[in-house]
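Have a look at the structure below before the remarks.
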Amino acid sequence: MTFQFNFTIEDHLEDELTSLGDGALALHSSKESLVSERQKGTHRDKKCSTEQSDLLQDHLWEHKSERNEAPSQDPDSSFGAANSSSNLEPHEEKPCLKVAKEHAVPKDLKKVLENKVTETLPGLQHVNISIMKTTLLKENFPGENIISKSFSSHSDLISGVYEGGLKIWECTFDLLAYLTKAKVKFAGKKVLDLGCGSGLLGIMALKGGAKEIHFQDYNSVVIDEVTLPNVVANSTLEDEENDVNEPDVKRLRRSTVAQELCKCRFFSGEWSEFCKLVLSSEKLFEKYDLILTSETIYNPDYYVPLHQTFLRLLDKNGQVLLASKVHYFGVGGGTHLFQKFVEERNVFETRTLEIIDEGLKRCLIEMTFKYPT
């Protein structure tokens, strides 16, 4: 399989300062020129600051309440601050986090699959994403506009805008194969498909008898146009295969499909915002027994919120199954860097389950708490 990444990398500003004195003067002048822009964006900046402050407070609370055995230092915050400051220009504001939201399952399930063409994998169906993209472009889809941006930039990833959910990446197939081969048990478990994209990992958990499955992706259009249709297509697959004509049987099957979909919830948004959303529920949040995630460690900038998500949402006896390439060229992430990051925080232990040495080298990793009690 030929696999290629296309990335959008912003040009850095050239350093036009010719001396220390001139540099200080230029910096001062630049600051003054930004005053009016900052005044115009006061409300936005305050909102960003509040969100960032809330995230830090949430982290400190989790650190104190759940990491009693781990070192008292807060490594995630220091890593995030250093990483953030090194990537921002002198006057560049840190962008606001993408607010998370829950997507309701439509009552009319036929509309979910309207204008969708499905393809078949062993035991699974999924929407043909290329046809879906073309259809939405022709219809001038009013959503996040990530499809046209992806086409125009010739990129499968646009950091902070589009995080690759409109593609089934190689490692997803690796993890699907492992789940089957290792006979991973889903029955009675609460499962999260994190960075779900097509949602095939969560769908496999649904078919395996999981009691509850949550699907999360960065982009809302991915949830609405890919994940939800895939879940519906796989829930109704049995009906289509048997071509049942008896009204009573059809009603029974529709009832079964509805019951299956009641086990599923769908979310979009940035990871730390997703954590806030599910943890702010009125009823006590039951943590996940199993988190499935594929191709989510390509960018080291995202390691802090990803680690925090595992820390906050995984049950103390839970398990993360993660699929990734060993190295992502052009972005810098990969399994070795992420495992080093995890080891330095001393919260989780990692174990390599499988190495796939075909094309770009890939790995399957298991994560569990070092201190489950």
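In case you wondered, yes, glycine gets a Cβ from its N, Cα and C as well.
Database features (Swiss-Prot):
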- ILE168, TRP169, GLU170, CYS171, THR172, GLY195, GLN216, ASP217, TYR218, GLY269, GLU270, TRP271, SER294: S-adenosyl-L-methionine binding site (BINDING)
- 70-88: compositional bias 'Polar residues' (COMPBIAS)
- SER72: phosphoserine (MOD_RES)
- SER77: phosphoserine (MOD_RES)
- HIS154: tele-methylhistidine (MOD_RES)
- 247-253: motif 'Nuclear localization signal' (MOTIF)
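Features as recorded by Swiss-Prot, highlighted on the structure.
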{"residue": "ILE168", "record": "S-adenosyl-L-methionine binding site", "CB count, 10 Å": "21"}
{"residue": "GLU170", "record": "S-adenosyl-L-methionine binding site", "CB count, 10 Å": "18"}
{"residue": "THR172", "record": "S-adenosyl-L-methionine binding site", "CB count, 10 Å": "21"}
{"residue": "GLN216", "record": "S-adenosyl-L-methionine binding site", "CB count, 10 Å": "30"}
{"residue": "TYR218", "record": "S-adenosyl-L-methionine binding site", "CB count, 10 Å": "26"}
{"residue": "GLU270", "record": "S-adenosyl-L-methionine binding site", "CB count, 10 Å": "23"}
{"residue": "SER294", "record": "S-adenosyl-L-methionine binding site", "CB count, 10 Å": "28"}
Rounded mean pLDDT for the residues that make up the motif 'Nuclear localization signal' (247-253): 52
Assigned conformation of GLN216 (S-adenosyl-L-methionine binding site) - DSSP reduced to three states: strand
Pairwise C-alpha maximum, in angstrom, for the residues (ILE168, TRP169, GLU170, CYS171, THR172, GLY195, GLN216, ASP217, TYR218, GLY269, GLU270, TRP271, SER294) that bind S-adenosyl-L-methionine according to the record: 23
